[in-house]
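As written in Swiss-Prot, here are the features:
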SITE      16  site 'Transition state stabilizer'
SITE      23  site 'Transition state stabilizer'
SITE      154  site 'Positions MEP for the nucleophilic attack'
SITE      210  site 'Positions MEP for the nucleophilic attack'
């Protein structure tokens with residue numbers, strides 16, 4: 001089996017939290033959110049290397065205030081870009097020989113070992129895979145005037161989570177394409193779809209939340225008790 005690399009994107013600001021520090025550094029039960037995220041990947045036996053992506057102005061803070069407190073097994077810290085896709089591009093360019101790459105939101109601190117292992121398995125089989133859950137609410141499509149125009153079948157909808165998992169050569173090819181053609185994307189599965197490739201969607205977990213709002217933080221505090 002080839003090498004498996006996880007890329008942890010920790011570039012989120014804490015504006016919606018009303019916090020002075022970036023959301024990945026907000027503490028839950030005495031430990032920053034990024035601690036729980038990194039530990040989840042460190043504890044997976046199939047992960048060979050962890051790359052952490054941080055904004056340029058937060059790398060020194062992490063090295064000074066966070067890293068000395070914990071025994072992280074980070075292979076390297078990469079400077080993020082202006083947009084999420086730029087940060088992923090920078091990380092991919094820092095990887096040498098690699099078979100599978102997992103791209104994960106640093107604020108998703110409660111990803112399970114099963115999701116990580118399933119992502120590796122399915123990306124090896126299909127080339128690209130991502131976890132997801134069925135939306136709990138009915139989803140509506142509205143027009144520019146604000147009126148509902150359609151109600152998609154909820155059974156066919158998936159709220160996609162991370163880690164999004166790929167064969168390295170495939171996602172690298174996709175990122176080169178969107179970089180060269182200046183295409184804006186919202187996640188990495190979209191990049192693979194732009195290549196005309198399919199993404200296998202497997203079962204995620206409602207606990208695998210992205211901690212973004214104060215309400216999410218309350219739920220996160222419950223998870224770590």
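Heads up, the Cβ atoms here are built off N, Cα and C, so glycines get one too.
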Under a criterion of Cβ-Cβ distance under 8 Å and sequence separation of at least 6, what residues of the same chain contact residue 210 (site 'Positions MEP for the nucleophilic attack')?
105, 107, 108, 161, 216
Check residue 210 (site 'Positions MEP for the nucleophilic attack') against DSSP and tell me helix, strand or coil, would you?
coil
For the recorded sites listed here, 23, 154, which shows the highest count of neighbouring CB atoms within 10 A?
23
